[in-house]
Structure formats: C-alpha cells, structure tokens
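The feature domain 'Glycosyltransferase RgtA/B/C/D-like' is assigned by TrEMBL to 46-216. What TrEMBL lists as transmembrane segment is 65-87, 99-119, 125-143, 150-168, 201-218, 258-279, 291-308, 320-340, 347-368.
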Amino acid sequence: MPDIVRQSFFFDGLIYASIARNLAEGIGTVWAPQFSKALFPVFAEHPPLMMWLQSLLFRVFGDTIVIDKCFSLATFGISLGIMALTWDRLSGSNSEMRRSLPLALVLTIVAGRFSWAFANGMLENLLIVFTSLAVLLVVVAYDDRHSRSAIRRMSFVALAGLATALALMTKGPVGLFPLATPGLYWLCFQRPRLADAIVDTLLLIAVVAMVFCLLWSFEGARGTIERYVSIQLLTSLSGERGHAGGGLSALRTFIRVLAYPLVTALVISAIGFFSRGAASANTGRREAVRCALFLAAVGCSASLPLFVSPRVSGFYFNPSLPYFSGALAIACAPVLLRLLDGCSERALRWVQSMLAAVLVLSCLYVAMEMGRPGDDADVIENAGKIAREVCDGNKCHDLISTCGSVGQNWRLHGYLERYYEIALDSASAGGPDYLLAGNDCQGDLAAYRDTGVDVSPNRLLKR
C-alpha cells in the first residue's frame, strides 16, 4: 500500500480531512461542518461522525497530513483485526479453517478498491470498522461454546445495535445491513432458535431507533439529518445525482471489484482439480460450508441494496468484500493447504524465503515512497506555488476567484483547502484580489495583471 504514505488523496478524502481539521480549529461545528468558505460552507453530503472523530486527533497533534494517513491506517488495521476475530469465532475447533485466515485476509486486501479506499481516507473505512464490529458481536452472542444465557446473548446483540447505529452515523443507511445478521446466522447454522433470532433482530432495530430518536431530540443534530436527507439521500435515490446506475451497471462493477479474489480462488481450485495430491480436497466439511454460506449471505446483505441504487461506485462495495473474500477462502483453502502439506520441507523453506524477500523489498519500496507527492504531484506543486504567492508571512488571502474550467478542478480545491486553507470561488465584481484563470477563461481580465507564477495550464492574476 505505497499510496498510504504518499501525499496524494482522492478528493473525497481531502474533503473529510479538511473538515476534520476545520472542526479542530473551531471552523464549523459537528452539526454544521465546513469544507471551505466557497465550497460546502455547510457540508451536508454525509453524516459527520468520521470527521468529528478525526478532528480529535487534530486537536491533540495539530495540523499535519500524518494524521490523515495514520487515521486511515488505523481503520485498516482495526478492520483486519475484527475480521480475524470473527474468523476465530466462526472456525471454532476447525484447524483447517483456522489455517486459512491468512488467505482470507490476502483475498480481502487485493479485492477491488479495498486498499485504495484506506489509502485515500474514504468514509467506507470507518463504515467497515463499525459494520464488521456489529457482525462480530452477533457472532459472539451466538457462540454456544460459552454461556447460553439469554442476558449474555442480548447484551452482545444490543452492543451490535450500537455499532450499527454508529455505522449509520458514518455513512447513512448503507450501514444498516448488520440488522440482517441474526436472521442470516439462523438460516445458515440453524441456531439459535428462530424466535431468538427474531427477538434479536427487533432488539437491533430498537437500539438503532433509540439512538436516532436521541439525536433527533437535539436541534443541531435534527438539522444535520434533515439537510443530509434532502440534499444527499433523496437526490441520490431519485437519480438526480447518479453517475453510474444500478442494475447491470452495478453488477458489472460488483464483478470487477470481486475479480481478483474470484480468479485466485478459481485458479487454486483448478490446480487442485488437476492435482492428484489434492484429490481429497472435496470431502464433506459441513460446518465450514455453513460458515462460507453465512459470510456470503452477510456480503449479499451489504451489497444487494446497491443494485437498486442509481448511484454506484466500486468502493461502495467495500464493506461486503471481507465477507465474500472469506467465503471464497473457505471454498479453496482445503486445496491450497493440501498442496502445501504435500510439498517437501525444502520447497516450503524456499517459498518462505522468497516471500520474506518480497516483503522486505516491499517495505523498502514503501519507505522510499514516504512523503512523495504521488499521482497528484502536479496539482500539489501548483497548490504550493499559489499559496506562496497569496500568503504574506502568516497571513493568507483565503479566497481566490476562478475563471473558466479551473473552477471545476476539484483536486486543486481539495489540496488548497487541506494544506493551506485557501478556497476557490467563482469570479465576481469586487471579489478577492487574486484570480486563477483557466486557459478557457472568457471573462474581462483588464483589471488584473499576471503574477508570473507558473501554474500552467492556468494563470494566477492579481487585481
């Protein structure tokens, strides 16, 4: 994941980090967060939980891009840790399934835009933490290796409801899929009793509803919810803001993000099919199959609602990828483990040495990339040039007019605000002293002179 140590960020990640920094500096509030003075002066695109949590780190450690990257890295590690704990609970005494955990983790990491999202500070990162935690808590509640007390079970289910509510507060209704977990667990494992699964589902819904009602009772939170529903949720569901529709388009996106784990599992299975040493891999594994079905079912509960949404991107499927990858790992792990068990000790040592060498080289490569601009090097450089021109000592002109298509350069918007707290706005009479003109600018620039700063293909002018 070299991208996580580079400066480049996807525009959405720049927005969330800038809002978090602004909250730490007292700009905007948790219920009315602000990206910049000109763009999203009141940010209503998503619930504010992740930005608020990240702002706590900015309050402690100050404004540094290290916070952006470390926050993403922390959510990545926590997500994989929760996945490992869920795997441990599901596998029980099944040693074969326990040994296949590394394969499940690898398939998850290489799936779709999973790693990309963590490198770019997306909301899905924290969403995965809370939804995975909710699923884990339900699995723990139904683990009959320990006490079968109804109080114990319902306590864990209530905590799962709280985690689901936090997921809802992170990215809206897409975080509600853990509500289906008790029913899916019963379908796949035939435990606990159906009545218990129904009661637990109702308990999950009740906890989420209680948290929602509590928030609704506060005027600030109520305003945030109303803005989010009207500006983001309803317009997205109606297709007004859709850019990649559901249906077949969503199916193609889903297949694309799951391609690497699926192809890997198929290749391993094909090798096993043609390998005499793995001929026994298809023996019955009832409990493991149930685990695979459960993981696949949870993955479906997280992804199927996206198929009816008129607005779908590849990283929207990220919360479902650990479950599909886990199911594929269970399906092909017996073949891989038997192939490995059939290798000589010398061959295994050679493979381990090669993997260790690859790991060392990868770490060296990541270390060399640390702090480099990355894919957006030109935009980051231009943002720095603009800031050096418009800033005088500790004081900056925090608003710059734009003319032409440069006003739609969202990456430039993002880097100027995140690094320098400079906002870009459309040109207006009597506006800011500085104007950033694109090469397609058709406005009257007679009142401005060129500063001579090279920010091609644009020009930085001063009144």
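Positions of Cβ are set from backbone N, Cα and C atoms, glycine also.
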How about long-range neighbours of the transmembrane segment (125-143): same chain, 6 or more residues beyond its ends, C-beta under 8 Å?
49-50, 53, 72, 75-76, 78-79, 82-83, 85-86, 89-90, 117-118, 152-157, 159-161, 163-164, 166-167, 170-171, 174-175, 177-178, 181-182, 185, 189, 191-192, 200, 298, 302, 318-319, 322
Near the transmembrane segment (291-308), which residues from the same chain, at least 6 beyond its ends, have a CB less than 8 A from one of its CBs?
90-91, 97, 131, 135, 174, 177, 180-181, 184-185, 187-189, 246-247, 250-251, 254, 316-317, 319-324, 326-327, 330-331
Which of 99-119, 150-168, 201-218, 320-340, 347-368 has the most Cβ pairs closer than 8 Å to the transmembrane segment (258-279)?
320-340
Out of 65-87, 99-119, 150-168, 347-368, what stretch is closest in contact terms to the transmembrane segment (201-218), meaning most Cβ pairs under 8 angstroms?
150-168
State the non-local partners of the transmembrane segment (99-119) in its own chain: residues 6+ outside its ends, Cβ under 8 Å from one of its Cβ atoms.
1, 3-4, 72-73, 75-76, 79-80, 83-84, 87-88, 91, 125, 256-261, 264-265, 314-315, 317-318, 321-322, 324-326, 328-330, 332-333, 336-337
Positions on the same chain near the transmembrane segment (150-168), where near means CB under 8 A and six or more residues out:
47, 49, 127, 130-131, 133-135, 137-138, 140-142, 175-176, 178-179, 181-182, 192, 196, 199-200, 203-208, 211-212
